[in-house]
Amino acid sequence: MHTIAAISTPQASGGIGIVRISGDNARTVAGKVFSSVSGKKLDEIAGYTSLFGSVHDDEGTFDQCVAANYRAPKSYTGEDVVELSCHGGLYLLRRLLNACIAAGAVLAQPGEFTRRAYLNGKMDLTQAESVMELISAQGKGAARAARAGQEGRLHDKICAAQEQLTAAASHLAAWADFPEENVPEVESGTLGTQLKEVQQKLRELLSGFDTGRVLREGVDTVIAGRPNVGKSTLMNLLAGCEKSIVTSYAGTTRDVVEDTVLLGGIPLRLADTAGLRDTSDPVEQLGVLRSRSRVEAAQLVLAVFDSSEPLREEDQQFIEMLGDTPAIAVINKNDLQSRIDNSYIQSKFKQIVYISALQGSGLKELQNAVQQVLHLQSIDPTSGVLFTQRQQAAAQRALAAVNEALEALENGMTLDAVTVCVEDAISALLELTGENVSETVVNQVFETFCVGK
Ligand code: GDP
Ligand code: ZN
């Protein structure tokens, strides 16, 4: 395999920039562009140690450099790796990369370092995908989940399910070969129990996919309600800064203001909408129209009400407009005397929280309510969750095959029929971990990576 090189730090100026080289000739390539102050060569030092020196090309020395040495197989890729750390100017890094290419390396493809790590058995496909997630994680929850994935938590879960299926399949095979010996484990009761356990595991895994996606992408959230109930104040409280204009006159928040905030580790992509009410002001009308379509398209609506006033007809119209969109009734201004009719709201919303956006109370309850409506409460992001649609599709195929196997068993079909389904399930799980997967799929996974990772 070629020795590859790429700039592994962002394509922008920074304090430090790194060119990573991986492959059989990594030290040879690095040795042609790097000279140490001590005179030592990379071949003379152990793995996980470094040399200080400078880098040069045909035109001379152009920067100081630390060369870190990693020996196969104890490196990220599993091959010999050298990381050259220089000053992080883009000009310098490109010059260094060109020098490495002149010295015999080829430019790495997107994700090629991680792809080699996968091909060399340093990680499975779910771990490689987690690397990608880890890089792009925006919130703590997403980062924790990605790290768990990279550590192989998801891999372990899938393997456990797969081992159970393999055990079932081998019992089935033994029975098929020696039917007269009456292999006891194949007694359909035991087999059924085994399959149901796997079915349960896969269902849990699949329900975790939504959590993974929520943590990664955030929840499209709309703060809505009639004017003056405190939407902008709530928005500001959540955002922790002055994003929308807060005034005590009705109808001033005309446009949609957006911000991503973290509520208990869940990224909410928030929009504060213009007051939802009938208006003749054309500018305001535009804002109202936009907010209606936003509410319909949202994944979550924080429906704000003013507890210091009786419910108005506009509030009721607003509630009717919510339709099926998951919504939380946020009854604001609970620092004031309550005059709102709670029973009507209770009949319309499953989740109700009382807050004072002005005083900043009730956020914890709001956070719990968000987890409840989005069904996030029961899933621990560090237990290994499905991240990508590729993973989800493979897990779905495995579950469908297990369901079919159980059906065949219950309908008294031949054990051959059951065996076929179990084998299908195993092959879907092998595809999930990347142990048995087509080159096309592998290419698709690494296509989304950046060069240098
Ligand atoms: P919006 O039109 O729904 O965005 O409402 P605003 O956020 O602009 O708030 C309208 C008025 O209600 C302002 O004077 C806020 O200070 C006030 N307000 C908002 N939240 C609270 C609260 O929790 N308690 C009290 N007492 N006043 C609030
Ligand atoms: Zn407002």
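Positions of Cβ are set from backbone N, Cα and C atoms, glycine also.
Note that the coordinates shown come from a computational prediction; the quantities given were computed from them, not determined experimentally.
Database features (TrEMBL):
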type: BINDING; residues: Arg20, Glu83, Lys122, Lys453; note: (6S)-5-formyl-5,6,7,8-tetrahydrofolate binding site
type: BINDING; residues: 228-233, 247-253, 272-275; note: GTP binding site
type: BINDING; residues: Ser232, Thr253; note: Mg(2+) binding site
type: DOMAIN; residues: 218-375; note: domain 'TrmE-type G'
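On the structure: features taken from TrEMBL.
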| residue | record | Cβ within 10 Å |
| --- | --- | --- |
| Arg20 | (6S)-5-formyl-5,6,7,8-tetrahydrofolate binding site | 27 |
| Glu83 | (6S)-5-formyl-5,6,7,8-tetrahydrofolate binding site | 20 |
| Lys122 | (6S)-5-formyl-5,6,7,8-tetrahydrofolate binding site | 18 |
| Asn228 | GTP binding site | 20 |
| Lys231 | GTP binding site | 31 |
| Ser232 | Mg(2+) binding site | 23 |
| Lys453 | (6S)-5-formyl-5,6,7,8-tetrahydrofolate binding site | 20 |
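Among the binding-site residues listed (Arg20, Glu83, Asn228, Lys231, Ser232, Lys453), Lys231, Ser232 have a CB atom closer than 6 Å to some atom of ligand 2, in sequence order.
For the (6S)-5-formyl-5,6,7,8-tetrahydrofolate site listed in the record, the two most distant Cα atoms among Arg20, Glu83, Lys122, Lys453 lie 18 Å apart. In this structure, the C-alpha atom of Asn228 (GTP binding site) lies 49 angstrom from that of Lys453 ((6S)-5-formyl-5,6,7,8-tetrahydrofolate binding site).
Closeness to ligand 1 is met by Asn228, these being the binding-site residues among Arg20, Asn228, Lys453 whose Cβ falls under 6 Å from the molecule. When the C-alpha distances from Ser232 (Mg(2+) binding site) to the binding-site residues Arg20, Glu83, Lys122, Lys453 are tabulated, the minimum falls on Lys453.
Under DSSP, Lys231 (GTP binding site) is assigned to a helix (H, G or I) in the three-state scheme.
According to DSSP, Lys453 ((6S)-5-formyl-5,6,7,8-tetrahydrofolate binding site) sits in a coil region rather than a helix or strand. Note on the domain 'TrmE-type G' (218-375): its mean pLDDT in the predicted model is 79.
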